[in-house]
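Read the structure below first, then the notes.
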Amino acid sequence: MRINPGEITKVLEEKIKSFEEKIDLEDTGKVIQVGDGIARVYGLNKVMVSELVEFVETGVKGVAFNLEEDNVGIIVLGEYKDIKEGHTVRRLKRIIEVPVGEELLGRVVNPLGEPLDGKGPINAKNFRPIEIKAPGVIYRKPVDTPLQTGIKAIDSMIPIGRGQRELIIGDRQTGKTAIAIDTIINQKGQGVYCIYVAIGQKKSAIARIIDKLRQYGALEYTTVVVASASDPATLQYIAPYAGCAMGEYFAYSGRDALVVYDDLSKHAVAYRQLSLLMRRPPGREAYPGDIFYLHSRLLERAVRLNDKLGGGSLTALPIVETQANDISAYIPTNVISITDGQIYLEPGLFYAGQRPAINVGLSVSRVGGAAQIKAMKQVAGMLRIELAQYRELETFAQFATELDPATRAQIVRGQRLMELLKQEQYSPMPVEEQVVVIFAGVRGYLDDLPVEAVRRFEKEFLRFMHEKHQDILDDIREKKELTPETEEKLKKAIEEFKAVFRV
């Protein structure tokens, strides 16, 4: 058998021509230092700020946080203990996205959207980046629809509208979370989807909250995002942004959403920790210079969209914890200046048995008044004035021995109104019930009752209204105002009930 050298050459040439090596170019870097939830990486020259990266050997994700001359500071989203010096890091060329949509309702997830409740995987069809630019003025419309909390003191005097940002502020153990949870429970049947973001809390406390939401049937329209105290600071830092993205999905599809951030003090501490580890220069209270921007870019995403964009809304209820009533500290003043009002809870009132312990004098709602229903406006205007006068006279009355009848009458009414504003936890009240009860208080129908009988009067009066005068309640709910005819009927109903009420 003869071998033809020409044929061999031809075959080799064809093989060489058809050979095509696919060169896969990837921007990678090497870990030069790792610890405390951050990694320093050499290389990754083209990486962008906030870009997602992957540690190839472990599969853990990270985010480019600091871009320096000779290295990149990366915050690790998850367990960093398996990452070693020399490991490879590659760019993913996208920013963090979280799953969003109806599939997350009723679920407990971490800030990356991974389930924590043992109910199996979440098959979400939609994803959203956790950081987006807040919509501009042109894309918004004024807040005009109420978000009923079911809490008498708030819905009457510090009303919240859909698309508003209302801060809940106070010392530890004064009932801040209780107000937020009651508000979520009260959204049942209101078409509002809720996101509860727990930042830096004990797992036992979070488990208790989830259990209460389930018990009152609120979990079916709520997503709980958890970055507990035992989670890395990196997850606590991204948690509120992830929760906001989940809420935005509903807002941008023409629906209403409510996001509770519990709480932003711990969020600021987590961000301070990351910034100090990254050697960013510390400022006041050792917080970095951009701590204001951290919260403003989050809370500016609360929005009431105009009709062209579907008219949806995202309402934010951030919570901030104060130390010894100091609302002039750094983080509280920052968040007060960003939000549209604050609900201030006071330990003194809490321990005196006034619960919810809302200081009505220091609390304010800057845009919610426009969203309040007319019926509530009609009765609540009087309530705020009566209580303001009562607060002034109360201190004076402690020292004065003899009071004129007018002053005594104002103090008597003020005491009964304060008693009327007390409310049990987990028992939000429909707005029509609030209107009739407050009407009875401000029109003086409780003045001749002993203070200790006010709560019982309220309970029995509402039962009486449902049994005998349901039409009045229906009328207020449907018309959203107290017409002269309804007012007359209500006065007669109160007098009818007072005739049979036994003190």
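Backbone N, Cα and C define each Cβ position, glycine as well.
Here Swiss-Prot flags Gly170, Asp171, Arg172, Gln173, Thr174, Gly175, Lys176, Thr177 as ATP binding site, drawing on sequence analysis. What Swiss-Prot records for Ser363 is site 'Required for activity', and it gives sequence analysis as the kind of evidence.
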*In three-state DSSP terms, the structure that Thr174 (ATP binding site) belongs to*: coil
*What is the separation, in Å, between the Cα atoms of Gln173 (ATP binding site) and Ser363 (site 'Required for activity')?*
18
*List, in sequence order, the same-chain residues at least six positions removed whose CB sits under 8 Å from that of Gly170 (ATP binding site)?*
Lys176, Glu321, Thr322, Tyr344, Leu345, Glu346, Pro347, Ala357
*Do me a favour and check the Cα-Cα span between Asp171 (ATP binding site) and Ser363 (site 'Required for activity'); whole Å is fine.*
15
*For the recorded ATP site formed by Gly170, Asp171, Arg172, Gln173, Thr174, Gly175, Lys176, Thr177, name the remaining residues of the chain with Cβ within 8 Å of the site's Cβ center, in chain order.*
Glu321, Leu345, Pro347, Phe350
*Hey, what's the Cβ neighbour count for Gly175 (ATP binding site) at 10 Å?*
20
*Fewest Cβ neighbours within 10 Å, where candidates are the binding-site residues Thr174, Thr177*: Thr177
*Starting from each candidate's C-beta and looking 10 angstroms out, tell me which of the binding-site residues Arg172, Lys176 has the most other C-beta atoms.*
Lys176
*Taking Asp171, Gln173 as the binding-site residues to compare, which has the smallest set of other Cβ atoms within 10 Å?*
Gln173
*Under a criterion of Cβ-Cβ distance under 8 Å and sequence separation of at least 6, what residues of the same chain contact Ser363 (site 'Required for activity')?*
Met157, Ile158, Gly341, Gln342, Ile343, Tyr344
